[in-house]
Each structure stands twice: as C-alpha cells, then as structure tokens.
Amino acid sequence: MAEETLPGTADDDGPDSIVLHVDMDCFYAACERLREPELEGKPVVVGMGYEPGEGHGAVATASYEAREFGVESAQPISTALERLPRIDDLAPDDDPAAAGHYRTVDLEFYKSVAADVKAILHDCADVVREVSIDEAYLDVTDRTAWDLAASGDRTLAEGFARYVKQRIAREVGVAASIGVAPNMSTAKIASDFDKPDGLVVVRPGEVRSFLAPIPVEEVHGVGPVTARKLGSLGIETAGDLADADAAVLEAEFGSRGRELHERARGYDDRTVTPTGRPKSLSRESAFTEPTDDSEDKREVVRALAADVADRARSRGAMYRTIGIKVVVPPFDINTRATSLSGPVDDPELVESVALDLLDAEFEATTVRKLGVRVSKLSFADADQSSLDGWESAGSGGADGDGDGDGRVSDEPEASAAADGADEPPNTGGETPSRGGQSSLVEFD
Ligand code: DCP
Ligand code: MG
C-alpha cells in the first residue's frame with residue numbers, strides 16, 4: 001500500500017492496512033443445515049461415496065459435532081463410518097447423538113449460498129479477493145480504522161468485522177469466522193484461531209506476539225515438507241522461526257527461507273489484489289492535528305479527488321455518484337454524496353462536487369480526516385473478465401495460499417451486491433443532486 005502522503009497530512013493508513021480474512025465454518029455442512037434446519041446441533045458429514053455399496057469416496061467436510069468423533073476433511077469414507085456410524089444404521093437403543101447424518105455433495109447449491117455471502121463481502125469492501133468457495137480477503141483500510149472505538153478498548157476495525165459477520169449470519173444464515181490484522185497472512189491465521197464463530201483481532205503492535213506460539217505449519221507458505229525440515233532444525237513455532245538466523249534459513253530454503261522468516265516476524269507486504277470489480281473507489285487522509293482551516297481542508301479534498309478520479313480512469317471506471325467523508329473528532333463520521341444523471345469520467349467534476357459538498361456544511365467544521373469516493377461504477381469494458389493494471393503498484397501477485405489441497409475454487413466474479421442494501425454503522429447523508437435526482441449514500 002505504498003501510496004504517497006498528502007501534503008499536510010499524516011498517512012495514518014500507510015503501513016497499517018486493515019485486512020479481514022473471512023472463512024465460513026464447516027461450509028458445506030452449514031449449507032445443508034440451511035435447507036434442513038433439523039440438522040442443527042447434530043453431527044453432519046458431507047462427502048461422496050456414502051451410499052450403500054459405494055466403498056470409496058472422501059469426506060468433504062464435517063460439522064464441528066462430527067469432528068469431535070475424529071471425522072475430518074479428506075478422510076476416506078470408511079474411516080468416517082468407523083468413527084461415526086450412519087444414523088440410519090443405528091439399533092433402536094443406540095445413542096443417536098453418536099451417529100452421523102450423511103449428505104452427498106451438492107456443489108451447485110453451495111455455490112449459490114457462497115454467492116450470497118460474497119455479495120455481502122463486496123458490499124462491505126472495495127477490494128475483495130475470493131480465494132475459494134468459502135474464503136476471501138477484504139482490504140477495508142478505507143472503510144474503518146485501527147483507532148479505539150469511543151465506547152471502550154475495542155478497535156473500530158473490530159466493530160466493522162463484527163458487522164460483516166452479523167450481516168452474513170442474518171442475511172444468509174451461515175456462520176463465518178473472521179480474522180482482522182494489518183496483513184494477509186496474519187489475518188488468515190487469526191480467522192482460524194478461534195473457529196467456529198470466531199472473531200480474532202490482531203492489532204498492528206501485536207502481530208509478532210500473536211504469531212509467536214503458532215505452529216510453523218500454519219505460517220503462510222509452510223507445507224508439510226518444509227515443516228518437517230524446520231522441525232529438524234528445532235523450529236517448531238512461528239516464534240522459533242522469527243528468532244532463527246535468516247542466513248541459516250536462506251541456506252536451507254533459498255530466498256523462500258528469508259520470506260518465511262519475514263512472515264513469522266509479522267511482515268507480509270502482499271496487497272489484497274481483487275477478484276471481480278470494485279463497487280466504489282475511495283481515498284481518505286487524516287490530518288496530523290484536527291483542523292478547521294478551510295483552505296487546508298480544500299487542498300486535501302482537491303488532492304483526494306484527483307487521486308480517486310485518476311484511479312477510476314486507469315481502471316476504465318465511470319461513476320454516477322461522488323461523495324465525501326468528513327470525520328469530526330473523535331470519530332464522528334459524516335458522509336454526503338451527490339448523484340449525477342448518468343455515468344461520467346470527469347476529474348474536474350469530482351473535484352468541484354467534492355468541494356461543494358465540503359463547503360455546503362463543513363466549511364467551519366473541525367475535522368480530523370477527509371475522504372472522497374466515487375461509486376455506482378460502470379465499466380466500459382464490461383465484457384472483459386478481468387481488469388488489467390489493477391492496483392499494479394506493489395502487488396506481490398497474491399494468489400491464495402497455494403494449499404493445493406484440491407478443494408473447489410470459485411471463479412472470480414463481479415459483485416452482485418445490491419447498492420446500499422445495508423450500511424455499516426455510520427451516518428449517511430442525502431443531498432440534492434445535479435441531475436434533479438437525489439440518492440442515499442453508500443459511502444461508509
Ligand atoms: N473441501 C473439500 N475438500 C477438502 C477441503 C474442503 O471439498 N479437502 C470443501 C468443503 C468445505 C469447503 O471446501 O466445507 C471449505 O473448506 P474449509 O477448509 O474452509 O473447511 P470448512 O469450511 O468445511 O471448515 P472450517 O470451519 O474449518 O473452515
Ligand atoms: Mg471454511
């Protein structure tokens with residue numbers, strides 16, 4: 001996220017990105033429970049090859065109740081049946097709680113549930129990287145902050161993640177575990193840390209201490225072979241790896257050794273590169289000290305508007321809404337936007353609309369942060385399946401985790417989210433528009 005600091009501002013978003021890793025809990029089993037609620041709370045095993053006479057096949061996933069009996073993904077069906085007999089095979093006086101409900105994989109159905117979840121994720125973040133059917137990274141640096149919420153010792157980022165989790169539960173009916181961290185690899189470990197129904201937040205200063213006790217095989221990029229080699233060097237945890245001599249690691253594993261060393265120390269400079277198209281583009285910037293100086297504020301808005309318009313143009317995006325965000329100390333977030341009568345690519349208009357919105361209500365206001373956003377995007381190259389040149393700067397080509405475990409992977413797809421369906425817990429505003437329309441803002 002190496003972006004320039006705007007004049008007169010502190011780049012408080014700079015190195016401390018906010019990345020969410022969202023991973024659904026026992027996803028296929030959760031989908032089965034959606035259409036068969038009576039499976040709730042019971043051991044559920046989803047896989048292929050359970051039908052009588054079929055001896056082959058493997059477990060795709062097991063509910064957490066089934067996992068207590070030792071049933072797990074990729075296990076042969078025969079093992080699963082030994083550990084957890086079919087409910088249909090029980091004798092009348094056997095304990096039904098110690099038997100499994102088996103369902104055959106129905107990928108089409110799971111994909112439709114996943115699409116509903118992904119729509120919410122795209123609604124909650126501009127940058128979403130879908131990694132598999134039930135897993136995605138979100139960069140929400142522009143949408144929330146590491147600052148503490150006014151009400152206590154929790155961060156605003158935690159509140160935001162809780163909102164995402166609750167929306168998925170309420171609107172789709174499946175449970176997600178979410179990890180929040182300043183980088184991708186830590187966020188992934190965090191989402192796994194307290195499954196099921198987990199929400200684990202690792203703040204920028206806590207990354208290294210959080211990682212220290214984690215087994216090395218959970219560090220991004222460490223497979224079973226590497227883990228065994230590291231074990232033979234006496235390196236069992238991420239903390240051991242962080243403390244190891246980088247030269248020794250490099251001698252053993254080449255340049256990857258250095259990279260693993262960095263990851264264990266909490267460094268991961270990969271940016272979340274999106275699949276699909278963004279719903280909006282925004283940029284915000286905080287002042288070193290809150291200011292009410294009208295010209296300072298206008299200067300920042302001009303720079304932000306130019307940046308956002310530039311990014312939109314480089315992505316071939318036209319916009320129908322232009323908005324601003326004004327954060328008043330301590331954390332009072334105000335958003336205002338103007339809807340245009342049709343999509344435009346017009347940097348001067350972004351600047352003049354943003355300045356008008358600022359002047360209309362906030363000319364004398366003391367602010368600590370300002371943002372500019374364009375939304376209701378449309379793309380000239382709508383038929384093209386991927387966007388060229390997307391956030392090319394600094395991209396390490398993050399492409400999932402390369403687990404190679406043969407799981408189903410979702411095709412990248414455009415956001416299907418309904419505009420402004422349900423907003424994060426921020427204030428929004430309505431303004432008269434130029435084209436005679438007015439719109440409720442979807443700016444966070
Ligand atoms: N999957 C599969 N074969 C595997 C692993 C997974 O078919 N070897 C499928 C079934 C899972 C889905 O992919 O439901 C998502 O994989 P996860 O690893 O995220 O596993 P779950 O979501 O089932 O469980 P968890 O709660 O551990 O995330
Ligand atoms: Mg999962």
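Going from the start of the chain as shown, residues are counted 1 onward.
Cβ coordinates are placed from backbone N, Cα and C, and glycine is handled just like the others.
Worth saying up front: this structure is predicted, and the values here are computed from it rather than measured.
Here TrEMBL flags Glu135 as active site. Per TrEMBL, the feature Mg(2+) binding site maps to Asp23, Asp134. Feature annotation from TrEMBL assigns compositional bias 'Basic and acidic residues' to 260-271. The feature compositional bias 'Polar residues' is assigned by TrEMBL to 428-444. As annotated by TrEMBL, domain 'UmuC' applies to 19-223. Look at TrEMBL and you will find 260-295, 383-444 tagged as region 'Disordered'. Taken from TrEMBL, the feature site 'Substrate discrimination' covers Tyr28.
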Within the region 'Disordered' (260-295), count helix residues (DSSP H, G, I), strand residues (E, B) and coil residues, in that order. 7 helix, 12 strand, 17 coil
Taking the Cβ of Asp134 (Mg(2+) binding site) as the centre, how many other Cβ atoms fall within a 10 Å radius? 26
Once the chains shown are all counted, how many other Cβ atoms turn up within 10 Å of the Cβ of the residue listed as 'active site'? 22
